[in-house]
Structures are given as C-alpha cells and as structure tokens.
Amino acid sequence: MEGISNFKTPSKLSEKKKSVLCSTPTINIPASPFMQKLGFGTGVNVYLMKRSPRGLSHSPWAVKKINPICNDHYRSVYQKRLMDEAKILKSLHHPNIVGYRAFTEANDGSLCLAMEYGGEKSLNDLIEERYKASQDPFPAAIILKVALNMARGLKYLHQEKKLLHGDIKSSNVVIKGDFETIKICDVGVSLPLDENMTVTDPEACYIGTEPWKPKEAVEENGVITDKADIFAFGLTLWEMMTLSIPHINLSNDDDDEDKTFDESDFDDEAYYAALGTRPPINMEELDESYQKVIELFSVCTNEDPKDRPSAAHIVEALETDV
C-alpha cells in the first residue's frame with residue numbers, strides 16, 4: 001500500500017474513479033445533512049439512506065462518505081481507500097458480509113459508497129450500551145452465535161476470495177435486531193493472500209487497529225497471514241465477555257467502581273508491552289456456560305500464529321453447537 005506522501009489531491013476525476021463510477025447507474029444520494037448519521041470511522045462518516053420513491057418500499061442503504069472536515073492531504077488518502085473498498089466489496093457475496101450496492105457521487109459532489117444496511121448498530125455500540133448500563137457480559141450463547149457468523153464470513157474471505165480483512169474488531173461487525181443477522185463490514189484495508197494464506201505483496205501494509213493487532217503486526221518484519229484476522233477475532237469475543245477495549249484498563253483500583261478515567265493513570269509503557277498478547281479475563285465473573293467461549297478465545301489469541309485455528313476450523317467446531 002502506498003504511503004500518504006504519494007497521494008496528491010486530484011485536480012479532476014481520475015481514470016480509476018471513472019472506471020468504478022461508470023459501472024454504477026445514476027443514483028440520487030442526498031447531501032449529508034438530509035440523512036441520519038449511523039456512525040463514523042477513520043476519515044469517514046456512515047449515514048442511513050431511506051429509499052421509498054413514489055410510495056414504494058425499498059430496503060434502506062448505509063452510505064459511507066468522506067468526512068468533510070478532512071484536509072486535502074488526507075482526503076485523497078481516504079478517497080483511494082474508499083475506492084479500494086468499493087472495488088473489493090463489489091466482488092464479495094456472502095450472508096455474513098455487508099453487501100455492495102453502489103459507488104457514486106452525492107448531490108454535494110462527494111464520493112459515496114452505498115452498502116447493504118446490515119443493522120441498526122455495530123457490535124461495539126451494543127457493548128458500550130451494556131457497559132454503561134452496568135450489565136453483565138453477553139450470554140455465552142450470543143457470543144458463540146456471533147463467533148460462528150463472523151467465522152463464516154472470514155472463512156469466505158480467506159479461502160474463497162484470498163483476502164485478509166485486516167481490521168477485525170467489534171465496530172466492524174453490524175447487528176440487526178436481536179442478533180437476527182451478523183455481518184462483517186469495512187473491507188477498505190483488506191490485503192491479498194497467496195496460496196499459503198500469507199501476505200507477500202511488498203507494497204501491502206497491514207493497517208489494523210492498535211489494540212486488536214497480533215504480535216506479528218506489532219513486531220518489525222512480522223509475517224502477516226490469515227491468522228492475523230483470527231487473533232483480532234479472538235479479541236472481539238473478549239470484548240463481549242469483558243465489555244472493554246483490549247489492553248485498556250480504565251481503572252487500576254478494582255475496589256473503586258465509581259472512579260472515572262484519568263489520562264494521567266494510563267500506563268503507556270504497559271499498554272505497548274501488552275499489544276499482541278492475550279488480555280486477562282476475570283474468571284469469577286463468568287460461569288461454566290462460558291467454557292467453550294473462553295477456550296475459543298484462548299486458542300485464537302495464541303501469540304504464535306501457527307497455534308491459532310483457521311476460520312474454517314472454527315466454523316467446523318462451532319456449527320455442531322450453535
């Protein structure tokens with residue numbers, strides 16, 4: 001993947017952009033203020049586009065747009081990433097991966113990626129809601145259901161499409177209703193895998209999100225394989241058990257439940273030392289029903305990638321139980 005310095009603000013529509021847009025029929029996408037904001041990510045916002053022309057009922061879309069406050073330097077980077085995501089997403093067809101709908105320009109001239117509306121909230125939204133309500137961890141059965149659906153999506157990406165997702169975490173999983181559907185989203189930083197499930201392209205760069213990175217992505221010259229997604233998958237299960245972000249301890253005083261987070265309490269050295277390792281679990285908070293979840297989390301977060309299961313093995317192990 002090219003470095004940021006190699007990108008320049010385009011003065012006119014690039015040939016790559018033209019080729020992607022030409023394959024998309026003309027679609028009237030409203031300006032951002034006229035759509036409900038669903039969420040946001042690095043450099044982008046996601047909106048809900050309701051489609052019911054002339055009284056007809058159409059399924060809504062989720063529309064991803066570049067954040068308007070981005071400066072020109074970063075805008076070109078995010079535009080390329082959005083175009084890459086559109087190209088990849090258009091080739092994917094799986095019930096556990098958010099579907100492609102269109103790639104076009106909105107009425108305000110901004111680039112838009114229209115996707116299947118996978119659900120009202122991300123898994124991260126549900127985790128935060130549960131944490132703020134001081135609720136218990138998600139039931140083991142729900143965690144295993146999420147695990148199976150995510151693993152099916154990853155199996156498809158790894159085996160059939162030879163793609164590493166590259167940024168698995170709770171905020172990149174969308175949920176509809178009461179876990180009626182579970183879909184992986186945000187394939188904008190995906191990387192090609194070779195026949196050995198390894199990222200060998202010298203131009204490819206693993207992006208990920210820091211707390212979910214495996215050891216091989218933290219270390220210099222680490223070899224990235226499909227097992228990088230598996231490590232992050234394991235930490236996503238950990239999120240559902242702990243209602244926390246990996247390696248972020250908001251309070252060092254377990255006896256003071258009302259203690260609020262103070263940046264001065266954050267231990268940078270301990271945080272960076274913990275990256276790529278398996279975070280601890282308070283076993284006293286989890287009953288015996290979580291045994292299979294804990295076992296799956298543990299094997300997926302082994303530091304040596306060779307000791308982690310493939311997505312296909314996870315699917316095989318879970319399909320008989322969920």
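Note that Cβ sites are derived from N, Cα and C of the backbone, with glycine treated the same way.
Taken from Swiss-Prot, the feature N-acetylmethionine applies to Met1, supported by a large-scale study or a structure entry.
The feature phosphothreonine is assigned by Swiss-Prot to Thr9 (among others), with a large-scale study or a structure entry given as support.
Residues or ranges marked as phosphothreonine by Swiss-Prot on the basis of a large-scale study or a structure entry: Thr24 (among others).
Swiss-Prot lists Ser32 (among others) with the feature phosphoserine.
Per Swiss-Prot, domain 'Protein kinase' is recorded for 32-322.
Per Swiss-Prot, the feature ATP binding site maps to Leu38, Gly39, Phe40, Gly41, Thr42, Gly43, Val44, Asn45, Val46, Lys64.
Under the heading phosphoserine, Swiss-Prot lists Ser59 (among others), citing a large-scale study or a structure entry as support.
Every protein chain considered, the tally of other Cβ atoms within 10 Å of the Cβ of Asp167 (active site, proton acceptor) stands at 25. The active site, proton acceptor annotation in Swiss-Prot covers Asp167 and rests on sequence analysis.
For Lys169 (SUMO2 cross-link), the Cβ neighbour count at a 10 Å cut-off comes to 22, with all displayed protein chains included. As annotated by Swiss-Prot, SUMO2 cross-link applies to Lys169, with the evidence given as a large-scale study or a structure entry.
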Whole-number mean of pLDDT values that fall within the domain 'Protein kinase' (32-322): 86
